[in-house]
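To keep things clear, I will list the structure first and then write my remarks on it.
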Amino acid sequence: MAFAAFTAADVVVRTPRKKSPVALLLLLPGVLYLVLFFLAPLVSLFFTALQVPHLDGDIGQYDYGFNWANYTDVIRMYLPHILRSFGYAIIATVIALLFSYPLAYLIGVKARSRPMLQGLMLVLVIAPFFISFLLRTLAWKQILADESLIITSLKALSLLAPDAHFTGTPAAVIFGLAYNFIPFMTLPLYTSLERLDLRYLEAGSDLYANPFTVFRKITVPLSMPGIIAGTLLTFIPAAGDYVNASKDFLGAPDTQMIGNVIETNFLVLQNYPAAAALSIILMAVILIIVGVYVKRLGTEDLL
Amino acid sequence: MFTRQFADGGADLELQGISKRFLGFTAIEELDLVVPAGSFFALLGPSGCGKTTTLRLVAGLEEPTSGRVLIGGKDITSTKAYQRPVNTVFQSYALFPHMSVLQNVEFGLRRRSVPDPLAKAREALRLVELEQLAERKPQQLSGGQQQRVALARAIVNRPALLLLDEPLGALDLKLRRQMQLELKSIQLDVGLTFLHVTHDQEEAMVMADTVAVMNKGRIEQMGAPNELYELPRTVFVANFLGQSNLFTGPVVSSTDTALTLDVQGFRITVPISRTQRQRGEITVGVRPEKLSLHTEAPDLGSDSNTLGEGRIVDVSFSGVSTQYLVNIPALGNLLVFAQNLGFGPVAGVGAEVWVSWQVGHGFGLADDPSPAARFAADDSTAAIAIAELEES
């Protein structure tokens with residue numbers, strides 16, 4: 001009797017803290033990593049953003065303080081860059097989606113009966129990753145330069161004005177962003193579409209839906225997890241990208257995005273508080289946009 | 001134009017010389033079929049016989065290699081699936097997982113801009129007694145409920161023709177029986193033409209007015225279930241629709257009304273009116289439940305066939321009846337079903353028995369069984385074990 005009471009008590013005590021030391025041990029590296037390389041820099045970034053210039057100090061010397069005006073200053077100064085960043089990123093995401101969806105559909109649905117072809121096409125989508133994206137972007141700069149075959153041909157065909165440029169324009173930056181992030185869009189879309197049960201499409205056409213309606217009402221909603229994953233994987237890095245928009249690559253001074261401004265402030269102007277404030281603004285805006293986007297599509301259970 | 005409105009009732013379905021060839025094999029060979037309006041028609045056959053392909057051709061999900069499909073007298077061969085006045089209850093149900101039950105049912109109505117889709121969808125759900133689950137997602141329903149949603153989603157459109165692709169296959173036996181009766185009563189209620197594809201011969205016989213037995217892309221025999229069962233025309237039908245004891249031998253004598261065969265020394269008589277062929281080597285059969293077992297040699301006169309003596313090699317008790325496997329030297333195994341009028345089997349394994357049946361119950365077939373086809377439809381382990389014993 002007493003024995004039974006003992007074991008029962010023991011069980012009651014034990015069940016609430018089910019965490020075994022092994023589980024904690026397994027979590028440790030990950031937690032340590034996050035604290036060291038995510039949480040600590042984030043806190044440091046937050047305080048850097050509030051620093052004040054050192055009195056009579058050199059350029060790049062700052063003291064800790066609570067200078068909230070850093071935020072209003074950078075917003076006043078760099079609002080066009082901030083807006084441009086999100087504008088470019090949204091347009092590039094839409095272009096990447098429009099390009100990737102048919103591609104992913106071709107690989108994931110149409111090529112389903114031919115696994116060899118499917119594998120080959122997937123390799124082709126991933127293949128650009130084997131070359132550094134800096135090199136690839138530089139290559140595009142060459143390909144799209146004023147004296148390149150493409151641009152001279154377009155000019156010869158009067159599709160482009162004789163004095164027009166392509167590199168250095170917003171179009172070139174958006175092109176570069178879309179190009180660089182297409183694999184990130186295609187792969188999640190592919191995984192979604194690869195699992196798409198074609199019997200639903202047959203059922204749709206059996207219920208009087210024409211091919212366009214079947215696509216709109218069945219294919220798109222069922223591939224929504226892929227669309228959300230792909231657009232987020234494209235939009236988030238694209239908004240913070242500083243390579244494509246840089247004047248050394250496809251951009252020009254007037255196509256600078258928020259990433260370029262942060263880079264310049266950190267590395268050239270050594271205005272650390274401004275760079276940190278911009279970084280936090282970038283992060284916050286992305287969080288808000290992504291939050292609203294995911295909420296609007298109502299797909300917590302899909303993510 | 002008929003896609004815009006409800007069909008007034010069922011419509012005739014007519015297949016004319018339909019063939020369907022896939023790469024490397026022929027699924028359907030020159031199929032002609034008429035399903036009259038308002039009937040419950042079953043296509044019955046083993047897997048791979050072309051029955052599902054036939055259904056998909058009617059639905060417009062496949063295109064025939066040759067031939068024409070007519071619904072209500074209109075040639076719809078070249079129209080797309082979404083233009084046809086046909087709805088399908090799919091084997092897998094294919095309920096849209098991202099929509100609620102109600103949205104699923106409304107889907108077809110909205111596509112055709114039918115007025116007041118919501119009320120009609122609710123009405124259809126009421127018919128299948130699922131009104132209270134309208135807001136659920138399909139994956140929250142049980143198999144039987146999903147099947148009923150699939151049915152509601154199809155019949156709410158009042159198609160001229162409803163196609164059922166083994167919709168009861170995934171259900172357990174009890175639910176299947178219940179759904180069979182429900183489907184049948186819904187069909188009578190709404191008066192649509194039902195084309196039901198199944199490999200379950202019992203389901204086909206219970207539900208359909210007319211059953212067509214399909215084999216290797218052709219229809220072997222078509223008719224009312226009891227006609228098919230009592231008078232099968234081919235070995236395939238005799239074995240696929242129920243079970244049969246078959247005997248092959250030369251006709252040795254005939255009168256105006258009956259033929260007599262010599263089968264390994266045994267005399268078997270069948271009425272001429274129930275035979276397909278009257279000369280030479282023919283195959284005759286009799287259903288297992290028409291056979292009587294006798295524990296001593298019976299003297300029954302000329303209106304019965306008697307075979308014996310034999311030995312019971314297997315007895316299986318199935319509740320309402322007992323199944324005996326009787327081995328008669330030179331003839332092989334005979335299957336006998338006996339109703340359990342008393343308690344339990346009347347004879348045990350090893351007992352010496354005679355088998356008899358009335359001459360009028362026999363039937364003569366148009367073809368001969370291939371050597372292995374004797375009990376092809378009987379895939380019970382006992383039959384397989386005995387077949388293997390005989391081979392070795």
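Even glycines carry a Cβ here, placed using N, Cα and C.
Feature annotations, reproduced from TrEMBL:
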TRANSMEM  A:24-47  transmembrane segment
DOMAIN    A:82-293  domain 'ABC transmembrane type-1'
TRANSMEM  A:86-107  transmembrane segment
TRANSMEM  A:119-139  transmembrane segment
TRANSMEM  A:171-190  transmembrane segment
TRANSMEM  A:222-240  transmembrane segment
TRANSMEM  A:274-294  transmembrane segment
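Of the recorded ranges A:86-107, A:119-139, A:171-190, A:222-240, A:274-294, the transmembrane segment (A:24-47) has the largest number of C-beta contacts under 8 angstroms with A:274-294. Taking every recorded stretch in A:86-107, A:119-139, A:274-294 and counting its Cβ pairs under 8 Å to the transmembrane segment (A:171-190), the highest total belongs to A:86-107.
Two recorded stretches are said to be in contact when at least 3 C-beta pairs lie under 8 angstroms, sequence spacing 6 or more; the transmembrane segment (A:222-240) and the transmembrane segment (A:274-294) meet this definition.
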